[in-house]
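Chemist: A single structure is presented below for examination.
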Amino acid sequence: MHEITLCQSAFEIIDSQAKLNNAQKVKSVWMEISALSCVEVSALEFCFDIVCRDTIAQGCQLHIEVIPAKAWCWDCHQVVTVSTFNAGCPACGSQNLRVENDDAMRIKQIEIE
């Protein structure tokens, strides 16, 4: 389960930003993860709750948006979006794709008080 490691890394960023802004509490966190990141959303939510225990982020709301990955189609020369590893190019049907951001995960926004 690599979700715990991802949550620990995300919490370090969240905690650092909260401290930089003299926050007393982290209320909400918005994250984006790639559809091809192999991250299980329910496991990420569970691990995030564990990592945030007894911290200024305890009890904060986690909002996760799963975003399609971007890929370059070598046959029709377009940037396309894909949501599964075996998806062909939605424009031409080719399997000749180079996925650009298959493992992306980012913190989009943090709400503090």
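Heads up, the Cβ atoms here are built off N, Cα and C, so glycines get one too.
Pulled from Swiss-Prot, these are the listed features:
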BINDING   H2, E3  Ni(2+) binding site
BINDING   C73, C76, C89, C92  Zn(2+) binding site
Chemist: Around the Zn(2+) site (C73, C76, C89, C92), what further same-chain residues have their C-beta within 8 angstroms of the site's C-beta centre?
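Modeler: Neighbours within 8 Å of the Cβ centroid, excluding C73, C76, C89, C92: W74, D75, H77, Q78, V80, G88, P90, A91, G93, S94, N96, L97.
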Chemist: Taking the Cα atoms as reference points, how far is C89 (Zn(2+) binding site) from E3 (Ni(2+) binding site) in Å?
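Modeler: Roughly 29 Å, rounded to the nearest whole number.
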Chemist: To the nearest Å, how far is the Cα of C76 (Zn(2+) binding site) from the Cα of H2 (Ni(2+) binding site)?
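Modeler: Cα-Cα distance, C76 (Zn(2+) binding site) to H2 (Ni(2+) binding site): 35 Å.
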Chemist: Give the number of CB atoms, excluding that of C76 (Zn(2+) binding site) itself, located within 10 Å of its CB.
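Modeler: For C76 (Zn(2+) binding site), the count of other Cβ atoms within 10 Å is 14.
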Chemist: For C73 (Zn(2+) binding site), write down the residues of its own chain that are at least 6 apart in sequence and whose Cβ falls under 8 Å from its Cβ; none is a fine answer.
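Modeler: In sequence order, the residues whose Cβ lies under 8 Å from that of C73 (Zn(2+) binding site) (at least 6 apart) are V79, V80, C89, A91, C92, S94, N96, L97.
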